[in-house]
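Engineer: Taken from TrEMBL, the feature Zn(2+) binding site covers Cys13, Cys16, Cys35, Cys38. Feature annotation from TrEMBL assigns compositional bias 'Basic and acidic residues' to 52-69. Positions annotated as domain 'ClpX-type ZB' by TrEMBL: 1-54. According to TrEMBL, the region 'Disordered' annotation covers 52-76.
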Amino acid sequence: MPASSFTEQDILCSFCAKSKSKVEKVIAGPGVYICNECVDLCVAILAETRVATERPSPDESAPEKERVPDIPWPDGMTDEEILSHLPRVAAASARVEADLKAWVEQLRGRGVTWARIGAALDMTRQSAWERFSGEE
């Protein structure tokens, strides 16, 4: 199996898309990354909105797992704003998928079977192979 083409230089902040070399630090999560600049911005936003979050949200009566997160969501956006936001969402999805593929390639390089990889991802062996093998 060929070595993964994913390198540290490929790491981009999942929020602002700046490369690791353009910021001081990047923190890694499961399939996502956040730079120190975006963390600072998040801290500032949270500090500003702390009082606003104390009031109940309109969907607070819904079970917790069904609640919509309090983020800019399409309901408050124009069609043009949503359309201009789509490429960022698609790019984030592509980065997460590339990261997942790199993890699977690591496992395959260690001889882990497609059945075990599929089970870990809650899919069949065949589905895992079709999604990650690169073969048709």
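The backbone N, Cα and C atoms fix where each Cβ goes, and this holds for glycine too.
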Engineer: Pick from Cys35, Cys38: which of these binding-site residues has the biggest number of other Cβ atoms within 10 Å of its Cβ?
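Structural biologist: That would be Cys35, with the highest Cβ count within 10 Å.
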Engineer: Mind giving me a neighbour count for Cys16 (Zn(2+) binding site)? Other Cβ atoms within 10 Å of its Cβ, every protein chain shown.
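Structural biologist: Here the count is 14.
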Engineer: Are there any residues in the same chain, six or more apart in sequence, whose C-beta is under 8 angstroms from the C-beta of Cys13 (Zn(2+) binding site), and if so which?
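Structural biologist: When sequence neighbours closer than 6 are ignored, Cys13 (Zn(2+) binding site) has Val23, Val26, Tyr33, Ile34, Cys35, Glu37, Cys38 within Cβ distance under 8 Å.
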Engineer: Using DSSP and collapsing to three states, where does Cys35 (Zn(2+) binding site) fall: helix, strand or coil?
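Structural biologist: The three-state answer is strand.
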Engineer: Can you tell me the mean pLDDT for the domain 'ClpX-type ZB' (1-54)?
Structural biologist: 80
